[in-house]
Amino acid sequence: MSVRPFESPPPYRPDEFKPNHYAPSNDMYGGEMHVRPMLSQPAYSFYPEDEILHFYKWTSPPGVIRILSMLVIVMCIAVFACVASTLAWDRAYGTGIFGGSMNYPYGSGFGSYGGGFGGYGYGYGYGYGGYTDPRAAKGFLLAMAAFCFIASLVIFVTSVIRSGMSRTRRYYLIVIIVSAILGIMVFIATIVYIMGVNPTAQASGSMYGSQIYTICSQFYTPGGTGLYVDQYLYHYCVVDPQEAIAIVLGFMIIVAFALIIVFAVKTRRKMDRYDKSNILWDKEHIYDEQPPNVEEWVKNVSAGTQDMPPPPSDYAERVDSPMAYSSNGKVNGKRSYPDSLYKSPPLVPEVAQEIPLTLSVDDFRQPRYSSNDNLETPSKRTPTKGKAGKAKRTDPDHYETDYTTGGESCDELEEDWLREYPPITSDQQRQLYKRNFDAGLQEYKSLLAELDEVNKELSRLDRELDDYREESEEYMAAADEYNRLKQVKGSADYKSKKNYCKQLKSKLSHIKRMVGDYDRRKT
């Protein structure tokens with residue numbers, strides 16, 4: 001169910017030149033126009049409330065969030081491995097096991113800063129007066145990788161096991177907030193890590209910059225290292241490949257969290273726009289995937305021909321009884337429509353009787369209507385909404401299947417409209433088509449507004465039921481109203497109106513195409 005209005009044909013405005021809507025007569029412009037071909041839309045092109053969202057697929061917004069969370073988990077493990085592989089050099093600095101070799105380069109240049117760096121891990125942190133400690137930067141990035149790993153694992157697990165919590169708007173709001181916080185923190189941790197593992201980046205412009213460059217210059221100039229290379233000093237001055245990979249993965253994690261936020265917002269919008277009965281969280285197998293048994297089918301056909309179906313006139317009488325419902329569900333009088341516009345051809349008895357069913361009748365049970373248009377239900381329905389915060393599918397009795405027109409296809413409708421509205425041959429005929437278009441458009445809009453009011457009310461009640469506590473008075477009242485509107489929406493009157501709207505749309509599209517063809521012929 002959609003809260004947005006049904007799709008409407010564009011208004012007829014001959015004073016505006018819009019090639020994708022209407023091509024006005026060439027006489028209005030006094031010049032030559034180049035108009036794109038205008039194609040008529042099919043009668044049943046798109047109705048939002050008939051759209052089904054398959055959220056169980058990996059290509060849907062929730063499925064993309066699952067994929068991104070899985071990628072974040074893998075990248076967090078890779079960041080942890082890359083950063084942890086370089087911790088050994090920092091541990092050696094802190095213990096001062098190479099104190100003899102370290103004191104020579106540092107003692108000569110920085111003897112007055114920190115006592116000659118007896119312990120290198122602490123010397124540059126305190127003796128330099130505020131440089132970023134590589135161990136602190138690496139610890140910060142490791143901590144953020146751990147937090148991101150835990151958060152992404154929770155998101156992935158709750159989505160894969162299809163828990164009730166992961167099917168609510170509140171869940172995706174939490175995902176948005178957590179992803180935003182973690183993305184910002186990972187960005188800060190990555191910047192700090194870059195400063196920690198690259199001493200020349202933080203030394204530029206400081207009072208100790210020249211000393212840092214002097215120490216590390218031997219590793220930046222080719223052939224200047226000599227025979228002896230201090231491995232610990234080398235890893236301090238040069239960014240290791242593992243550290244570079246960790247930096248790249250840090251920015252990739254930020255991008256992944258940004259995409260998670262985008263798809264979480266899209267999921268919330270779709271959940272606000274569509275009813276829960278239009279969202280499939282689990283893949284449902286309606287038909288059994290079994291090879292056809294021709295022998296059994298012949299037996300069923302021969303055995304089933306003994307029973308006579310109800311007369312076709314009874315079927316037509318049940319369908320052709322339109323009544324106008326208001327938004328509150330009360331009957332406000334009858335409204336007659338032309339029988340030729342929405343009347344369905346009678347159901348062929350042989351076809352209806354000879355088709356074998358592989359499922360039980362209860363799986364396709366629909367509300368029944370008597371000849372006097374009163375709704376008959378097998379039993380009194382209880383509220384079909386679940387607990388607040390849980391996304392529970394509506395009772396299958398309430399599912400609405402699209403109202404069909406029997407054997408009348410779009411091509412047959414087009415032939416009918418072509419007989420009623422043949423190609424235009426004169427300007428007077430064009431003006432007549434314009435008046436018919438305007439009158440039909442007004443009726444189309446008013447009827448769609450009446451149907452859309454029921455859809456909006458259902459969507460509002462659907463959101464309210466998620467906020468109420470089950471078994472409360474507000475919940476029961478809202479559930480009763482929700483079920484009543486679902487019955488109204490499943491009634492034959494609502495479906496006949498909906499079918500009439502679709503055929504009106506086909507009529508308006510045909511008129512628009514005829515006018516467009518006439519205008520193109522005149523150019």
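Here the Cβ of each residue, glycine as well, is placed from N, Cα and C on the backbone.
The topological domains that Swiss-Prot gives for SER60 and SER163 carry the same name, which places both on one side of the membrane. For the residues SER371, SER379, SER426, Swiss-Prot attaches the annotation phosphoserine to SER371, which does not rule out the feature elsewhere. Here Swiss-Prot gives coiled coil for one range in the set 262-318, 433-489: that range is 433-489. Each residue in the topological domain 'Extracellular' (195-244) has a pLDDT score, and their mean in this model is 64. Stretch with the largest number of CB pairs closer than 8 A to the transmembrane segment (141-161), among 67-87, 174-194, 245-265: 67-87. CYS237 (disulfide bond) has a Cβ environment of 19 other Cβ atoms inside 10 Å. Note on the topological domain 'Cytoplasmic' (162-173): DSSP counts are 9 helix, 0 strand, 3 coil.
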